[in-house]
């Protein structure tokens, strides 16, 4: 039997849409037929020790992903208070708070699922699997809504663009949701206790891997489309800035560059996650128990969590910060014009006197 610590992850608009777990990929082996699927298999066979060590090694990456989420929350807490809590509540406010604050319990759930010292029955493992996957799908939808709202605003509120994005959004999410549900229904969750170490795993067959690959393809199409639309509007915007005066163009341009930087970071993260996913779907990696493969899976886990719970909220913060800077610039222009007007009135009055 080949024990694989794999993240079967399908990214949908910067998120993940499958399971994060220890997966045991079954090859012909005595273990697959020596115990019923509803019973916990207990063994002290030393031949499992290398895979136990890999499981423990991967659990460190899982804990690290949770630390990254908490660390970023601490870093952006000041911005969050100023740009979220002190502002008028809207749909984006609700989405931000849900995505940001569901990240911590989500990370805890993954840690409990992967920790060697935590024992989970088959039923609990299945429930945890469904809960994590359902959370993934909900987060993906919310991230899609954020991206649609952002692209709609960048295209100056075009109704045609909004309808186009909503149609693509529904098609991609419905298709991915159906395929993920089918894959989940065929995924078997079991528990092993190997040399006193609890291993919760999910067995994926060829059909499930194909479904997750199709989800990955649809996700990639959506992200590439969003990237193209963002680049298109960015090029148009910077061309318009050249027609403005140096002061106005540079000020608005600086604000817009901050907005574009968050886009670039978001899509760079997506590109990295997609490349790692593509590598993980190869049979050589799937059937490998090496440290290098586990490092690849751990890196994929951290980047996926960052994409969902770090870059997603930062997209909203960057938009809020962009609008705040525009308002501050507009207020500064108004106050300067008022000062100039008052000076002109004062000079004119004194001359007549």
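Going from the start of the chain as shown, residues are counted 1 onward.
Placement of Cβ uses the backbone N, Cα and C atoms for every residue, glycine included.
Of the candidate ranges 186-206, 291-311, 312-332, TrEMBL annotates residues 291-311 with the feature transmembrane segment. Panel annotation: around the domain 'DUF6533' (60-104), residues 20, 110-111, 114-115, 135, 139, 142-143, 145-146, 149, 294, 297-299, 301-302, 305-306, 308-310, 312-314, 316-317, 319-321, 324 of the same chain, lying at least six beyond its termini, place a Cβ under 8 Å from a Cβ of the stretch.
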